[in-house]
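Working notes, structure below.
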Amino acid sequence: HPPPVATSREEQKRLLEHRPDQPQNPKVLRIAIIGAPNAGKSTLSNQLLGRKVFPVSKKVHTTRCKARGVITHEDTQLIILDTPGLTSPLKVKRHNLEKAMLTDPWDSMKHADLVLVLVDVSDHWTRNALSKEVLKCLSRFPHIPSVLVLNKVDILKKKYLLLDIVTDLTEGIVNGKKLEVKSAFKSDSSSSAKPPLQITQASPPGSRAPESPCQQETDQAQEGSGLDNSSGVRDAKSSPTTEEAQGPKQYGHKDLKDMKGWPNFQEIFMLAARHGEEVDTLKQYLLMQAKPGPWEFHSDVLTSQSPQEVCDNIIREKVLEYLPLEVPYGVTQVTEMWEEGECGELLIVQNLLVPRKSHMRMLIGRGGKVISKIAQEAGQDLMNAFLCDVRLKLRVEVKS
């Protein structure tokens with residue numbers, strides 16, 4: 001079971017400064033998770049950690065700064081660098097975001113041993129091409145191994161689209177081998193239906209990742225239609241018709257202009273982070289990639305954030321969820337009280353300062369319904385993070 005977050009700043013500070021209680025032959029892996037805003041990076045981080053410490057919301061830019069999550073399993077420590085979504089200077093200005101949001105993802109990449117590139121396959125506007133910011137990030141650190149993670153596959157009804165998405169996002173190359181795309185049916189101009197296809201990964205022998213639910217579904221669809229296993233994406237080595245792919249190369253600004261995907265991914269994973277589907281498969285892979293090296297944290301540490309930061313993030317997540325459009329981005333949080341009650345419960349009082357009276361009315365809601373719901377949901381999440389009873393009181397005021 002993952003450890004809880006410490007409830008006091010002093011206790012968390014002591015844990016963070018505590019010498020790591022590492023075994024004799026420790027292993028470590030630092031993982032940067034990058035992707036467009038709202039791809040599901042924080043949701044995936046929380047699922048890997050086994051406890052919610054990062055804020056999650058449908059609105060973009062919920063994660064405002066980099067924070068670390070720590071998974072300690074036997075002799076291995078995985079350090080997750082949960083980063084803000086890669087964004088542009090224009091969006092930073094529009095959403096009144098911290099300037100750090102432009103630099104934090106780059107800083108995380110500098111310290112990473114492996115990078116996970118997360119893509120939301122349910123978003124038909126963005127799923128067939130990596131954003132220019134992501135491509136720029138990958139091209140700047142081509143020596144860091146990268147893995148493509150397709151998220152929200154449970155929402156994608158037309159599973160055969162995964163084949164096109166994989167081909168586009170990898171430029172047809174995975175782990176240094178070209179992928180061969182073959183249609184299972186002869187072309188029939190009278191039929192617009194696409195055949196079900198099997199998606200397999202080009203992986204080095206012996207390191208194949210277990211199949212994801214999508215792959216199993218497409219396999220079953222194949223069996224049902226009497227197709228053989230030669231359809232879909234195949235390892236190029238088994239085909240005499242494909243050329244051997246060239247090794248990784250440097251990509252300049254000009255190259256990136258014409259690229260939709262990244263040809264240096266080592267593996268592809270397909271999962272549904274929100275429901276935890278196939279997250280364990282990815283976790284096992286990450287544990288296997290760890291290299292000998294000293295641990296950074298004591299095994300009782302789950303996150304590098306202070307308890308107050310965890311609290312602020314979770315409350316802001318709910319505010320983002322319940323307020324319309326740009327309104328929540330103008331809310332300032334001030335903690336008035338943080339103390340332990342007589343029975344060991346955590347008592348928290350926080351003021352939410354808004355710029356206008358109209359925003360205050362929205363945040364309180366008719367009969368105080370909205371603010372009550374925010375306090376109730378945030379309180380429940382805080383109980384799960386701290387593993388103790390939490391009494392949370394929220395007050396709304398207009399900034400003076």
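Positions of Cβ are set from backbone N, Cα and C atoms, glycine also.
Residues 49-51, 53, 71, 75, 77, 294-308, 310, 340, 346, 385-388 of the same chain, all 6+ positions outside the region 'Disordered' (1-22), place their C-beta atoms under 8 angstroms from a C-beta of that stretch. Taken from TrEMBL, the feature region 'Disordered' applies to 1-22 (among others).
The compositional bias 'Basic and acidic residues' annotation in TrEMBL covers 8-21.
Feature annotation from TrEMBL assigns domain 'Era-type G' to 27-293.
Annotated region 'G1' per TrEMBL: 35-42, in sequence order. In terms of DSSP helix, strand and coil, the region 'G1' (35-42) has 2 helix, 1 strand, 5 coil.
The region 'G2' feature in TrEMBL is assigned to 61-65.
Sequence annotations record features per position, and here TrEMBL assigns region 'G3' to 82-85.
Marked as region 'G4' by TrEMBL: 151-154. Within the chain, the region 'G4' (151-154) has long-range Cβ neighbours (under 8 A, six or more residues past its boundaries) at 39-40, 44, 118-122, 162, 212-214, 270-275, 277.
Marked as region 'Disordered' by TrEMBL: 185-258 (among others).
What TrEMBL records for 213-244 is compositional bias 'Polar residues'.
The predicted model assigns the region 'G3' (82-85) a mean pLDDT of 60.
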